[in-house]
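The structure under discussion appears below in the form of structure tokens.
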Amino acid sequence: MSSSTATVLPQGAGYGVVVGVGFFFAFLMMGITYIQNRYTRFSTKSSEEFNTASRSVKPGLIASGIVSAWTWAATLLQSSTVAYEYGVAGPFWYAAGATVQILMFSILACKVKINAPRCHTYLEIIYARYGKTAHLVFMFFAFVTNILVGSQLLLGGSAVVTALTGMNVYAAIFLIPLGVCAYVILGGLRATFLCDYSHTLILMVIILYFMFNAYATSPLIGSPSEMYDLLKEAAIKRPVAGNTGGSYMTLKSNYALIFGVIQLCSGSGTVFLDQAYWQRAIASRPTTAVKAYIIGGLAWFAIPFGFSTTLGLAAVALIDNPRFPTYPNPPSSEDITAGLASAYAATALLGQSGAVALLIVLFMAVTSCASAELIAVASLLTFDVYKTYIKPDASGKRLILVSHICICLFGMTMAIFACIWNAIGIGLGWLFLVMGLLIGGAVFPAAFAITWAGQSKAGAIAGCISGLVAGLIAWITTAYRYFGEVTVASTGEEYSTLAGNLAAIITGLIVTVVVSLIKPQNFDWSITRAINARSLEALADEGHVNAAETDGNTGAPGDMPTTIDGEEKEKSEAGTNTPPNEDLPTVQNEDREMQEDADIDEHPKKLRRTFFVACIAAFVLTFIMDFLIPIPMFLSHYVFSKGFFTAWIVISFIWVFVSAGISVILPLVETAGFFKSFVGEVRNGSARKRSIAASTTS
Ligand SMILES: NC(N)=O
């Protein structure tokens with residue numbers, strides 16, 4: 001990688017952002033955790049709170065968490081790569097191809113609330129429904145997903161940090177997760193939502209900064225009209241293969257369409273098999289999970305679309321400008337595969353300020369997604385490995401300790417894998433295209449496990465394994481057939497990865513359906529509804545949820561129903577799980593909401609309408625985004641006029657503002673009541689302290 005051409009910042013800036021900002025958030029988290037424990041019902045010392053945020057998070061904050069978990073380094077870098085390579089069709093297919101899965105997940109989120117309202121992880125559902133063998137098979141796919149996502153985050157993030165600052169790439173890979181591990185350990189899942197929120201806020205501000213600069217103020221571009229003219233010139237000098245007239249301004253782009261299909265397949269795996277998204281559904285209130293996924297998906301669309309329609313296209317437009325870092329040469333294909341198109345564009349447009357802004361936005365994307373991955377894997381290891389197979393009667397305290405250890409272990413694991421990819425010459429682009437074919441086989445079996453009573457154990461296992469085998473065979477044979485060799489280059493080509501991704505996901509679907517239909521299971525959902533039920537009964541009997549001490553008994557898959565062990569019983573008898581702050585208005589509001597949620601959990605029929613809404617919204621929006629808009633424009637070979645291109649850019653601005661409204665403003669509106677009570681409580685607390693101090697001194 002040509003770090004010399006893009007290095008516009010000192011190494012200190014790299015270390016400052018990676019270590020300094022990471023630890024700033026760790027300290028912020030200490031403050032937030034103190035406030036949470038002091039003024040709310042929810043204690044971070046409870047493993048139920050640590051791993052599920054007590055299933056009480058409001059939709060705006062969940063949407064913000066979805067946006068930030070689904071915003072990878074690749075969302076900014078790879079989307080800019082495809083914009084650079086295919087023009088406007090690249091950002092469109094990047095965004096449309098990966099929004100669908102979040103919209104579709106709203107259906108699974110609703111089903112989780114109906115069919116397994118008290119689970120901690122989706123693997124608990126697999127265990128309760130299919131037993132140990134299937135649990136182990138799905139666990140394999142779950143961990144492969146988390147390792148691939150976690151390591152590609154660090155791979156992409158470190159490549160750009162290194163290119164912009166000259167920082168050692170291995171130091172970046174290991175230091176990026178350090179601060180994240182610290183703040184996740186301090187605050188648990190709710191903490192990651194709060195950090196997600198602040199990261200998303202910064203992300204939106206910086207994306208808008210780049211957009212306003214490129215399309216309104218930059219002397220190099222400064223308007224959609226000038227961008228249009230520059231892209232027209234670029235198409236003459238460097239026409240895009242497979243696009244109408246070689247133009248950058250058309251959705252008739254063969255390779256962008258292929259990329260879109262790969263994105264659809266690969267994104268399905270990286271959402272449906274990643275505990276991070278199940279965890280957000282689990283953390284939601286039952287009535288609002290669907291809303292959170294629908295608005296979260298729509299909000300996320302704007303991020304790759306707005307960012308890469310700006311920086312990816314600016315990279316194409318400015319190649320021949322002397323301020324372009326590689327001028328007078330175009331960037332090498334290795335640099336583009338490593339995700340440097342946006343770095344070059346940011347530097348050309350804004351010099352050092354652009355590089356700093358990109359460094360920060362990328363760091364925000366990497367850390368907020370890494371925090372989601374860390375807590376997700378920690379939950380799987382804690383509940384599905386430790387509690388199920390090692391210590392079924394583990395106490396709540398022990399589970400939290402295990403979660404903390406697992407967070408550190410997975411932080412190390414993703415860094416080690418990122419180092420391996422780097423050392424053997426695998427770039428972000430390759431990994432991005434290949435991920436889906438490795439995990440795609442398990443997508444439909446996982447989705448059916450919570451939605452289709454007829455899927456059998458044999459069908460679920462056969463679907464996963466046959467999908468993996470078919471994906472690998474299609475990938476390797478296509479690479480060999482088309483390119484005459486099996487190398488990193490040939491296996492990273494669009495045709496090879498398209499074949500692998502499609503084969504994996506379609507085979508998984510067909511095999512699981514056919515095998516299940518031969519002998520359907522007719523599953524009784526009351527079994528998955530019973531997951532962890534005993535522990536909540538225990539909590540209810542004892543009166544409270546602020547119970548670090550009782551949720552050791554929240555029931556791993558293997559030990560339903562659970563019992564209260566000695567240590568826990570002592571504490572509960574001693575009344576230590578009664579929260580000290582139960583008379584505060586903030587806590588009383590939370591109690592009321594929890595009562596409402598418990599009522600829905602007991603009467604899931606109330607969620608039927610929500611399920612219907614999820615299906616309609618997910619399918620209609622998917623149809624519009626992935627068929628109604630792009631396919632007529634593809635088939636008609638339409639090349640954007642200047643007016644149409646301007647309208648396209650205006651829509652991208654509006655969408656980013658709406659997205660900021662959903663993920664930044666909505667959480668504030670939802671928590672306004674809490675903050676009002678909270679300020680009153682802090683004031684009353686201070687006044688009480690002052691009067692106690694006055695009475696003791698007089
Ligand atoms: N999260 C993605 N696919 O950018």
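For all residues, glycine too, the Cβ spot is worked out from N, Cα and C.
As annotated by TrEMBL, region 'Disordered' applies to 547-595.
Beyond the transmembrane segment (12-35), the same-chain residues lying 6 or more positions past its ends with a Cβ under 8 Å from any Cβ of the stretch are 44, 161-162, 164-167, 171-172, 175-176, 178-180, 182-183, 186-187, 191, 194-195, 198, 356, 359-360, 363, 367, 678. Annotation source TrEMBL lists transmembrane segment at 12-35 (among others).
Among residues of the same chain six or more beyond the transmembrane segment (56-73), those with a C-beta under 8 A of the stretch's C-beta atoms are 42, 98, 102, 149, 152-153, 155-157, 160, 190, 192-194, 196-197, 199-200, 203, 271, 276-277, 280, 283-285, 288-289, 291-293, 295-297, 299-300, 303, 339, 362, 365-366, 368-369, 372-373, 428, 590, 593-594, 597, 659, 662-664, 666-671. Marked as transmembrane segment by TrEMBL: 56-73 (among others).
Same-chain residues lying 6 or more positions outside the transmembrane segment (93-112) and placing a CB less than 8 Å from one of its CB atoms are 66, 70, 75, 78-79, 82-83, 86, 119, 122, 125, 256-257, 259-264, 267-268, 270-272, 277-278, 280-282, 284, 289-290, 292-294, 296-298, 300-305, 308, 447, 450-451, 607, 610-611, 614-615, 617-618, 621-622, 625-626, 629-630. TrEMBL lists 93-112 (among others) with the feature transmembrane segment.
Residues 72-74, 122-123, 126-127, 172-173, 176-177, 269-270, 273-276, 366, 369-370, 373-374, 376-377, 380, 384-385, 388, 410, 413-415, 417-418, 420-422, 426-428, 431-432, 435, 438-439, 441-442, 445-446, 449, 457, 460-461, 464-465, 557 of the same chain lie 6 or more positions beyond the ends of the transmembrane segment (133-155) yet place their CB under 8 Å from a CB of it. The transmembrane segment annotation in TrEMBL covers 133-155 (among others).
Within the same chain, residues 11, 14-15, 18-19, 21-26, 28-30, 32-33, 36, 44, 49-53, 154-155, 157-159, 161, 195, 279, 283, 363, 366-367, 370-371, 374-375, 378, 403-404, 407-408, 411, 414-415, 418-419, 422 sit at least 6 positions outside the transmembrane segment (167-189) and bring their C-beta atoms closer than 8 Å to a C-beta of that stretch. Sequence annotations record features per position, and here TrEMBL assigns transmembrane segment to 167-189 (among others).
As annotated by TrEMBL, transmembrane segment applies to 255-273 (among others).
If you look up TrEMBL, you'll see 293-319 (among others) marked as transmembrane segment. Within the chain, the transmembrane segment (293-319) has long-range Cβ neighbours (under 8 A, six or more residues past its boundaries) at 59-60, 62-67, 70-71, 75-76, 79-84, 87-88, 90-92, 94-96, 98-100, 102-103, 105-106, 109, 203, 207, 210-211, 214-215, 220-221, 227, 230-231, 234, 238, 248, 281, 326-327, 330-331, 341-342, 344-346, 348-349, 614, 617-618, 621, 625, 648-649, 652-653, 655-656, 658-659, 662-663, 666.
TrEMBL lists 355-378 (among others) with the feature transmembrane segment.
The transmembrane segment feature in TrEMBL is assigned to 399-424 (among others).
Counting same-chain residues at least six beyond the ends of the transmembrane segment (460-483), those with a Cβ under 8 angstroms from any Cβ of the stretch are 126, 130, 133-134, 137-138, 141, 434, 437-445, 448-449, 489-491, 493, 495-505, 507-509, 511-513, 515-516. Annotated transmembrane segment per TrEMBL: 460-483 (among others), in sequence order.
Feature annotation from TrEMBL assigns transmembrane segment to 611-635 (among others). Same-chain residues lying 6 or more positions outside the transmembrane segment (611-635) and placing a CB less than 8 Å from one of its CB atoms are 89, 92-93, 96-97, 99-100, 103-104, 106-107, 109-111, 114, 250-253, 257, 260, 264, 290, 293-294, 297-298, 301.
Per TrEMBL, the feature transmembrane segment maps to 647-669 (among others).
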The transmembrane segment (399-424) versus listed stretches 255-273, 355-378, 647-669: most Cβ pairs under 8 Å: 355-378
